[in-house]
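Here is the structure we will look at.
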Amino acid sequence: MATPHINAEMGDFADVVLMPGDPLRAKHIAETFLEDVREVNNVRGMLGFTGTYKGRKISVMGHGMGIPSCSIYTKELITDFGVKKIIRVGSCGAVREDVKLRDVVIGMGACTDSKVNRLRFKDHDFAAIADFGMVRNAVDAAKALGVDARVGNIFSADLFYTPDPSMFDVMEKYGILGVEMEAAGIYGVAAEFGAKALTICTVSDHIRTHEQTTAAERQTTFNDMIKIALESVLLGDKE
């Protein structure tokens, strides 16, 4: 049954959904990687599609920017449409010297300056982590594709334009691989409603050096990340 934000019916979505922030990127993924594609959502322009990858039913849908937006969509997908696994596929900024442009980062855990998980968890710290099996399958898929993926903690920021750049020093000290804006929220929603989640990012810019990838470079690396996500789904089906 349709929700206020998703005009689909039960069965329209697969049990696994890939979620980029940008709905147009969701459209690109569907058109580039999936077969027998059909649109299943267009409310507020947040496009969603369902198709098949190597015969496996998979959906892809945008989640918007920031934890409030992605939390709405992931919650409704899980509770109203029977989705069991969410894979966020997006970009991140690096803060460490050894993390380079175009690196693929698998977010094993997600720190955050947002309070959303404290609201869920009676004002205590909640360890926002990805599902271990999904992490393992993504690592194995990356190896099979010849991609040297980084695995570790990322940081989900509430503010894109931070007023306190010194926080990047703290992130570097604690080994944060990349900064993005959604993973901690998605992991919290998945935990609350009994689903599984994973975030895979590509490094699109380096916050320290101010290096940025070109549009062509972003697309190539982005495609590597999507292949990892899709192949990891197939590996998960074998478990």
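Placed from the backbone N, Cα and C atoms, the Cβ positions cover glycine too.
Taken from Swiss-Prot, the feature active site, proton donor covers D205. Cβ-based neighbour count (10 Å, all protein chains) for D205 (active site, proton donor) stands at 17.
If you look up Swiss-Prot, you'll see H5, E180, M181, E182, S204, D205 marked as purine D-ribonucleoside binding site. Under DSSP, M181 (purine D-ribonucleoside binding site) is assigned to coil, being neither helix nor strand in the three-state scheme.
Residues or ranges marked as phosphate binding site by Swiss-Prot on the basis of similarity to another entry: G21, R25, R44, R88, V89, G90, S91. Look at R88 (phosphate binding site): DSSP puts it in a strand. Every protein chain shown contributes to the tally, and the Cβ of R88 (phosphate binding site) ends up with 27 other Cβ atoms within 10 Å.
Taken from Swiss-Prot, the feature site 'Important for catalytic activity' covers R218. Secondary structure at R218 (site 'Important for catalytic activity'), taken from DSSP and collapsed to helix, strand or coil, is helix.
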Close in space, distant in sequence - M181 (purine D-ribonucleoside binding site), Cβ under 8 Å, 6 or more apart: G21, M65, G66, I67, S156, A157, D158, F160
Pairwise C-alpha maximum, in angstrom, for the residues (G21, R25, R44, R88, V89, G90, S91) that bind phosphate according to the record: 22
C-beta crowding around R218 (site 'Important for catalytic activity'), within 10 angstroms: 18
R44, V89, G90, S91 screened against H5 (purine D-ribonucleoside binding site), Cα within 10 Å - retained binding-site residues: R44
Residue, out of the binding-site residues E180, E182, whose Cβ gathers the largest set of other Cβ atoms within 10 Å: E182
Listed recorded positions among R25, R44, R88, D205, R218 whose Cα sits within 10 Å of E182 (purine D-ribonucleoside binding site): R88
